[in-house]
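These notes concern the structure reproduced below.
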Amino acid sequence: MVSKLSPLQQELLNALLNSGVTKEDLIQALDDMIPSPSFGVKLENLHMSPEHESDNKPVFHTLTNGHHHKGKLSGDEGSEDGDDFDTPPILKELQSLNTEEAAEQRAEVDRMLSEDPWRAAKMIKGYMQQHNIPQREVVDITGLNQSHLSQHLNKGTPMKTQKRAALYTWYVRKQREIVIQFNQTVQGSGNITGKSSQDQLLFLFPEFNQQNPVPGQPDDSCSEPANKKMRRNRFKWGPASQHILYQAYERQKNPSKEEREALVEECNRAECIQRGVSPSKAHGLGSNLVTEVRVYNWFANRRKEEAFRQKLAMDAYSTGPSHPHNLNSLLSHGSPHHTQPSTSPPSKLQGMRYNQQGNNEVTSSSTISHHGNNAMVHSQSVLQQVSPVGLDHSHSMLSPDGKLISVSGGGLPPVSTLTNIHNLSQSVHHNHQQSQNLIMAPISGVMAITQNLNTSQAQSVPVINSVAGSLAALQSVQFSQQLHSPHHQQIMQQSSGHMAQQPFMATVTQLQNSHMYAHKHEPPQYSHTSRFPSAMVVTDTSSISTLSNMSSSKQCPLQAW
């Protein structure tokens, strides 16, 4: 005969035999330790009621006596709930009944106690899921700890026999209760039709079990305290009904009343089939009965959830890229870039970057590269400025100290950042009038200004004039008509129309990208092109004479006011 013991068990048994314990002692010890078919309680130790014989499974007599709970019963090993557990009222109630039905229930409970606790727990859990029974109902009736009950049903955590007897008693009685509920005919239901019938059935059945007790049971039930009222079970959608409703939601998100009533019949039929009863007994669903109002609320909740998810998605999208924190982002989102073809490295391309840093410094760097006979001017103005919140109207974006920019063999880079950031908060009308008249003139044009101030063809055009820290003041200066060549007029018309729609700071890049400062392949029309190439300058009217008297030393002092 092959031994069923594992190697570890054989080793332990050999150690016991080698320790001097005889075979008879081991058998006697095993008889004392192993629970008997009477569930660990010896028959001679039981206090039997006089009306019951020893063949009536006396487990309830043992469990209902408080002084016998100290015995080690099956299923007690490893129980984490160490609190003393008084005899549940449901056990006392069942023990006090002398009817044939009560005897059958006790026999069923004893049979379940003799089986594997984990198998019984899985059976009870499946039954609760099939009928949508919440654990709260079991806790209210049996007095068990909900955490311990959940662990026992889901993980097979050991539970004391007395507690398992209370759980099994509830399970046996619930089975009979549901059978009676489906077979019971509601009195007076023939006078109620339509939705009102379903609503009354909904509120009638939770109390139906207490108003119509099982025959043979006493009216004053001791299963619950006299002053404690049983709560009505909350409605819970079953998996069968949810499957039907989600399919209907894909077809129609807002069904009509007729469609909802058809869904009610379909859901109740599915719930009955799930419970293993005929669809004609849908009234026995009790608190789980599906009504038209519940279907309407289910669709309304799904529509609200979908609208809420869409709103969250839109908010997440709108708060992402639409709030730039630097000028580069503002320019990239404000207008498309039209870059000029160039063979210079990317680091030398024209651009502007506005960084929010702690220092109020403005640096400008210019790199000029020559390719053949054409001199390309590449400038990069890096603005390191504090956040606009920290600025006031007395601050300017350029440092107050003057700087000299030495240029050899080329023109000056365009000065396109002379503006006050606080002028962006002015009225739209005022900005519209200013931005339509803003221009920047090349140095050769300034030379022409000094020579043609008294010509008859001159017209008054405002030029940016920076005076005493205010960089937004405009002053009219007589410009010569020859400044406005056809090429310049077309550019100024485009720039004026664009600046009328957007703030000036966002227009700077548009003016740069419109080839206004690019090298012109057409012959220049100014008189001093050999001295000053077509570089742009923003100057004060008091400095025009100084610029006109400059020599050809290729070093042009440009003071940042």
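Glycine too: its Cβ is placed from the backbone N, Cα and C atoms.
According to Swiss-Prot, the features are:
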- 230-310: DNA-binding region (DNA_BIND)
- 49-58: compositional bias 'Basic and acidic residues' (COMPBIAS)
- 77-86: compositional bias 'Acidic residues' (COMPBIAS)
- 319-331: compositional bias 'Polar residues' (COMPBIAS)
- 332-347: compositional bias 'Low complexity' (COMPBIAS)
- 353-372: compositional bias 'Polar residues' (COMPBIAS)
- 1-32: domain 'HNF-p1' (DOMAIN)
- 1-31: region 'Dimerization' (REGION)
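Residues of the same chain that lie 6+ residues outside the region 'Dimerization' (1-31) never bring a C-beta to less than 8 angstroms of a C-beta in it. Note on the DNA-binding region (230-310): DSSP counts are 61 helix, 0 strand, 20 coil. In the domain 'HNF-p1' (1-32), helix, strand and coil residues by DSSP number 22 helix, 0 strand, 10 coil.
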